[in-house]
Amino acid sequence: MFSKSVTLAQYDPDLAAAIAQEDQRQQDHVELIASENYVSCAVMDAQGSQLTNKYAEGYPGKRYYGGCEYVDIVEQLAIDRVKELFGAAYANVQPHSGSQANQAVYASVLKPGDTILGMSLAHGGHLTHGASVNISGKLYNAVTYGLDENEVLDYAEVERLALEHKPKMIVAGASAYALQIDWAKFREIADKVGAYLFVDMAHYAGLVAGGEYPNPVPFCDFVTTTTHKTLRGPRGGVILCRDNTHEKALNSSIFPSLQGGPLMHVIAAKAVAFKEALQPEFKQYAKQVKINAAAMAEELVKRGLRIVSGRTESHVFLVDLQPMKITGKAAEAALGKAHITVNKNAIPNDPEKPFVTSGIRIGSAAMTTRGFNEADARVLANLVADVLSNPEDEANLAKVRKQVTALCNKYPVYGA
């Protein structure tokens, strides 16, 4: 029998210590990785619940195990809420990740060797959109589009490649593209060649939910998203559709094809996050995320840095470090010493290797969750520039770190 009186610290002090250290790191560092965010205590409560004990293969009302009457309620709440949030007719909340959601979409209507047209990883796309190192690039014949000479998504190239290669599916969405994507234009191109249109909105989903980024659902055959990032939920995935045409194929692609039992504790946490995103205050959050990102980009330009695509229209942007003569890898390390967390990221036509890069990616979602406003964002951008202008000066790093600490103390991750 387990006892509720035995704490993790008592039973496994080594693990408890590592968790405590990570808690402290999150408090003491400003998080600027675009794919990260903080979840609410309610989300964590749901994810840490006894639902983790329950196996529930199948779907609500059609399970392969007994005792699922209450987890059916949990999953249906998540389904209903995410459908309302994005105006979808169909939702599958069982994918363990965005990558698995994407795999399920491909498997539902494609056969190995079919052609897909997706955004190049080198220009801001995602591994799962046909990169050669990913299963999507191994199973399918992947053709890629990219950015034009102004570092704007090249819709003319998308259309030219679509007409040339006649893909069965066109994939839109990105992991490192700052501007708004024209879903209607993609729909127009897809219709010209009779292709399915699939949008991966993982990075933008929270902005879509908050009304600050165009909703792809009305234009697409398939939409996927992660539930973390700008959506502020647990780590996981979702599949959405504007109608129920592919319901049977998608459901069977997830279970039994790609996954077994769903993670009911994570689905419960998703349901909480969807409820939070349906509240009026989430719209203000999404608006502030964009304001903060734009403010940071503006300040960095003033300090002599170049922003890929020239600006941001979302939560994310890439910084070209070549004018500073520093690599992304070195910048990530220097900023980390100053308690500013970013990730190195390739820029379009990057001459450096992927593990080195010539850029960094900056996102405003997590800092905005903490409460950072536009003025704070501008201060933070200048602190980033201070580090990048003198990345090996320990005194400079210590000075910036002290100012970062003051900002972090002003905005604790979890208040009283």
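For all residues, glycine too, the Cβ spot is worked out from N, Cα and C.
What Swiss-Prot says about this one:
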BINDING   Leu121, Gly125, His126, Leu127  (6S)-5,6,7,8-tetrahydrofolate binding site
SITE      His228  site 'Plays an important role in substrate specificity'
MOD_RES   Lys229  N6-(pyridoxal phosphate)lysine
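Features per Swiss-Prot, on structure.
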{"residue": "Leu121", "record": "(6S)-5,6,7,8-tetrahydrofolate binding site", "CB count, 10 Å": "24"}
{"residue": "Gly125", "record": "(6S)-5,6,7,8-tetrahydrofolate binding site", "CB count, 10 Å": "24"}
{"residue": "His126", "record": "(6S)-5,6,7,8-tetrahydrofolate binding site", "CB count, 10 Å": "23"}
{"residue": "Leu127", "record": "(6S)-5,6,7,8-tetrahydrofolate binding site", "CB count, 10 Å": "16"}
{"residue": "His228", "record": "site 'Plays an important role in substrate specificity'", "CB count, 10 Å": "26"}
{"residue": "Lys229", "record": "N6-(pyridoxal phosphate)lysine", "CB count, 10 Å": "28"}
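Distance between Cα atoms for Leu127 ((6S)-5,6,7,8-tetrahydrofolate binding site) and His228 (site 'Plays an important role in substrate specificity'): 18 Å, as a whole number.
Leu127 ((6S)-5,6,7,8-tetrahydrofolate binding site) falls within a helical segment according to DSSP. Residue pair His228 (site 'Plays an important role in substrate specificity') / Gly125 ((6S)-5,6,7,8-tetrahydrofolate binding site) shows a Cα separation of 18 Å. Here the Cα atom of Leu121 ((6S)-5,6,7,8-tetrahydrofolate binding site) is found 19 Å from that of Lys229 (N6-(pyridoxal phosphate)lysine). Rounded to a whole number, the C-alpha distance linking Lys229 (N6-(pyridoxal phosphate)lysine) with His126 ((6S)-5,6,7,8-tetrahydrofolate binding site) is 15 angstrom. Mapped onto three states, the DSSP output places His228 (site 'Plays an important role in substrate specificity') in coil.
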